[in-house]
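Undergrad: Below you'll find the structure I mean.
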Protein chains: 2
Amino acid sequence: MSSRRSLASALTAIAMAANFKLLLCLFSLFPIFTPISTNQYHPLNPLTPAEINQVRTIVKQAQPSSLHNLTFQYVGLDEPDKSIILSWLSNQPTKNPPRRAFVIARSDLKTHEIIVDLSTNSIISDKIYHGDGYPLLTFEEQTAANKLPLTYAPFIASISKRGLKVEEVVCGSFTVGWYGEKKRTKRIIKVMCYYLDGTVNLYMRPIEAVTVTVDLDQMKIIGFLDRLTVVVPKADGTDYRRSEQMPPYGPQLKGIRVVQPEGPSFTIDGHTVRWADWIFHLAFDMRAGSIISLASIYDVDKGEYRRVLYKGFVSELFVPYMDLTEEWYYRTFFDAGEYGFGLCAVPLEPLKDCPENAVFMDGYFTGQDGTPGKTSNVFCVFERYAGDVMWRHTEGGIPGKVIRKVRPEVSLVARMVSTVGNYDYIVDWEFNQCGTIKVTVGLTGLLEVRGSNYTHKDQIQEEVYGTLLAENTLGAYHDHFLNFHLDLDIDGDANSFVMTNLQMTRVTDNRSPRKSYWTVVSETAKTESDAKIKLSSKAFELLVVNPSKKTKVGNHVGYRLIPGSVAGPLMMDNDYPQIRGAFTKYNVWVTPYSKSEKWAGGLNTDQSQGDDNLAVWSLRNRKIENKDIVLWYTLGFHHVPYQEDFPVMPTVSAGFELRPANFFEYNPVLKDRPAKVVR
Amino acid sequence: MSSRRSLASALTAIAMAANFKLLLCLFSLFPIFTPISTNQYHPLNPLTPAEINQVRTIVKQAQPSSLHNLTFQYVGLDEPDKSIILSWLSNQPTKNPPRRAFVIARSDLKTHEIIVDLSTNSIISDKIYHGDGYPLLTFEEQTAANKLPLTYAPFIASISKRGLKVEEVVCGSFTVGWYGEKKRTKRIIKVMCYYLDGTVNLYMRPIEAVTVTVDLDQMKIIGFLDRLTVVVPKADGTDYRRSEQMPPYGPQLKGIRVVQPEGPSFTIDGHTVRWADWIFHLAFDMRAGSIISLASIYDVDKGEYRRVLYKGFVSELFVPYMDLTEEWYYRTFFDAGEYGFGLCAVPLEPLKDCPENAVFMDGYFTGQDGTPGKTSNVFCVFERYAGDVMWRHTEGGIPGKVIRKVRPEVSLVARMVSTVGNYDYIVDWEFNQCGTIKVTVGLTGLLEVRGSNYTHKDQIQEEVYGTLLAENTLGAYHDHFLNFHLDLDIDGDANSFVMTNLQMTRVTDNRSPRKSYWTVVSETAKTESDAKIKLSSKAFELLVVNPSKKTKVGNHVGYRLIPGSVAGPLMMDNDYPQIRGAFTKYNVWVTPYSKSEKWAGGLNTDQSQGDDNLAVWSLRNRKIENKDIVLWYTLGFHHVPYQEDFPVMPTVSAGFELRPANFFEYNPVLKDRPAKVVR
């Protein structure tokens, strides 16, 4: 797992101007003010192409003087307040809540945070941001930046000096982070390049140690360094296209399919998905990617839907590399805040990215000029059946009877893939019949490798910060930390966070021949500092409970977080990347709900100095007991590359679960009915 | 996750004599000396029914005087030495290795360890075991013991006193452990009972605090305690049969199937399974259950099979409860060593326990009288496809091109389910195309609950060692620790164990604007004590490497253990159950290969005193560098029951992976060929 920002989609070469995302955008122009079909209206629906165009018009009209350099860095739904959403939900179909957009735009070297009201065609507020850090990079500015070296004489000279052809060079944009500079006045990126020469696996062919620094707002080169000459790896046989493979080949399997002769068991109405006892809303955002909202589960005994997850999404994805060389030390990327985890989402391929029983949905983002772009098939929704067992038991203990009951496990998955440069992140939100929500992140794609003159490990006498994967190819050590914003509302807003320790206890009296056992000791977090948790081998359970609701026998209703990773950062607290990615310091945080606290790495993440993020917000140490609270969980991966990560990296997965914990009186699987299977 | 030994299959009631396993045995008598088809011969094949009968005849003939009380507690293959197997493998089809059986029998209150040679129809050795502990319990003796209370006057009186009908009572056998007694001279068990009265979910209806102690060798009651009267839980609505469900019902899904129109891609020849690049041997053992041997993977570039796993199996399964009350403190079960993880394996139900593309295999065990019994469909083997992605990448960084390559994940699973009383353990050995072996254990079935007079949590003033799940029903805290014996032979026998620490490092010179990073520091274990590892949040990687084999660029070829659990025991080292289950003290151990060191909890586990087990063996601190070594990994689950575990417990899974680590020059997925899918 590594991540090459470089925005695959924004890489460019001399010959060609527009990349495919731009092309998509051009084909996706929609008429302004298309009426929205009422029966699909939902206040959490993402902005439609028509609405994106409407936003553009409103913003442009309000700033006519600066139109020449106005750029849209982010456009998304500005959600109505939670209370309004909940009231709307409980009281459909009265008047709809106001429909607003949140825009981050750049104009005259300033970042504007603008709220647009679509109902009244007006701007509610336009605030210039004076703090540190910059908004998401656009595809278009990366594309433009990536082209600059290819006509820049010193760069061309460097390429020629290496005996390479400039027409085979493609480049990518790398965010630069922050390393203690007091004042950063320019939006800069570094552009690094690769040598194609016949391959599509460009990441295996870095032109190492040649760096171009670009001022994004001026869109010009402000720095160039050809530090040393490193061999471009030959990378023979690393092109992953089947047409490029040479014998001997690997095995060929016979076909395997998942079929549903009667069709799927779920329905999608607009963005609302219903399956088994679950209902939830699935939306696309150009920063977060998939957003799950209002996930509720029907309780058959109570005869009502019960609230579980008000909202869940990937809040940030921090990818620090551990290579200190000049071209690598700054690679400490924030994939959501710098590149847009949603913006980098790619169309899913039917039958391959998702099984044949999947249903697809499109997503819309906003281009730099404010026009909508479409990512087809950005989500797939499907029932997952892997041949596993949800519950079973064979009872042989009753004389004269053999009882065997088996209920196969079928779940519902909502999938998105975000390709941030070399890395492909597969994000699955999975709902099951027992009430569990499982999130799985698969990391695949290609490694980000460093060119090196070494061809054998025995030659290496210095620290190389990685594994020699092949001749001239080092796989750099790095991490991936995905932070999930999980606004659980268990049976209502007012919840508490309970930590249950499994505590070894000595038996000091004579009550038992045993000398020891473990018992549980529960503690409710009062304030934010109580809930900052570094996961360890210490055994404990983490719950969000509703302190006002109990089961019949008196247990607080709740949901558990079952973490899938205990990985934390291996950097010093006062190191610059760690200050910016401080949300990784604890695996778990709990904050009181605040509409403005969405992004664990801060709103304006690029070149940020870490003064507006989860770690800072929670320094206020607010009360979190019996409040509307948000759970933040960081899923971490340390990646020491092995040769098996080369030249393609098979999927490595990890995840977490939100599992009901005394939420139901008994397990709902008891009362499900068997699927009728047509054969 | 809890486990009620009690051997569901051995529970009994007044009216009926034989349980289903016994019935199966009766129907499974095979003629002696059925010739084995030569083309299926493999020295690791489990004993056939004919061979089991042959063993019985040989053993009985050798001990005619004690025939009247000879019992077979365990019969299994006595494997040829590793060198012989490997030589046979490399040199088929010359003379077959000797065919031998290992028998543990009881006769005249003594435990015999007997080696039988089937080729010569003779006994090679017959050793009386004088140490502590007893062998596996047989089904038959448990069945007999379970019947004793039902005709025992004091027990009948206790049942009547509670207003219960004795004909609705079923009982189960509980192993008693060891609590510091200096000398244990009797094989005893405790018999505890349940009240059916219409339900099949007997585990929810314990007749609490009535204990019958049985001497197994004498097969008579030697103790009885009616300690106090506890309400039998009404347990309304806990019968899990669909016919017993009342509305409102849960949802009903439409059918979903996995189909392979061209059939499976694997072949099974005898016990040898071939799929994709993998070949392995799958055998059944009445103690271990499934045994994977000789797993090798074909390296397309080298043009040869390369050895990975000589042998892997569940070596022990330790389930200590944390309830100190008189009827519960001793419940610290060893499911493999006391009850037989294979003996408790149950027939898998087609279309439910395994998908419809599965192929089934039968298993044979030995009854107490030495006759073979058959467990039909004890394994299923199937290709697993869940709609997931093995590798993917979308490349948008090359102007004018959009490249999207996706390879769906298909793997091969060999599954077994062992139902040890209330608990059903689903054990999957999964092989994938990238060279990974993944083991997943799913825990499902029913909780073991304690009867209680409490009907609401507010009434509880004392320590109850569990969760109040329903009226009169406490779910006791407990653990499950599964130890896996993993004899990895990476490209040969002589391997080393390498621990790679990910170490945070301060930057104290000026080589970088960074203040810190992490790097890897590897250490090779010299002796057993170096390799005892308590997994923690500390980041490290664990590898078995072949120190004599390197990749082209100079990395040692190896496989990594990717642990799926860091759970360790929460008992004191000197507590009796922990002395017996000391293999749990570390999550990982490495020992030099020794044919006799198979069972992490010792060979004679029942009532053992912990003097012959993994922890003791490794005190010798033998050398393990560049040796034939065995890796032992313990997968742990702490189980705090929640109401969702009641009255049926949905599957909770955990596992581990053995993943190639510089074993291949590059990832083999690169060269696979796409499946042809018929639609």
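Positions of Cβ are set from backbone N, Cα and C atoms, glycine also.
Feature list, courtesy of TrEMBL:
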- B:42-128: domain 'Copper amine oxidase N2-terminal' (DOMAIN)
- B:135-227: domain 'Copper amine oxidase N3-terminal' (DOMAIN)
- B:256-670: domain 'Copper amine oxidase catalytic' (DOMAIN)
- B:Asp335: active site, proton acceptor (ACT_SITE)
- B:Tyr423: 2',4',5'-topaquinone (MOD_RES)
- B:Tyr423: active site, schiff-base intermediate with substrate (ACT_SITE)
Undergrad: Near the Cβ of the residue listed as 'active site, proton acceptor', how many other Cβ atoms are there if near means within 10 Å?
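TA: Cβ-Cβ neighbours of the residue listed as 'active site, proton acceptor' within 10 Å number 28.
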Undergrad: Per-residue pLDDT averaged over the domain 'Copper amine oxidase N2-terminal' (B:42-128) comes to what?
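TA: Within the domain 'Copper amine oxidase N2-terminal' (B:42-128), the model's average pLDDT equals 91.
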Undergrad: Using a 10 Å radius around its CB, how many other CB atoms surround B:Tyr423 (2',4',5'-topaquinone)?
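TA: The Cβ of B:Tyr423 (2',4',5'-topaquinone) has 28 Cβ neighbours within 10 Å.
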Undergrad: Taking just the CA atoms, what is the gap between B:Asp335 (active site, proton acceptor) and B:Tyr423 (2',4',5'-topaquinone) in Å?
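TA: Computed Cα spacing between B:Asp335 (active site, proton acceptor) and B:Tyr423 (2',4',5'-topaquinone) is 10 Å.
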Undergrad: For B:Asp335 (active site, proton acceptor), just give me the three-state DSSP call.
TA: helix
Undergrad: Reported in the order helix, strand, coil, what are the DSSP residue counts of the domain 'Copper amine oxidase N2-terminal' (B:42-128)?
TA: 29 helix, 31 strand, 27 coil
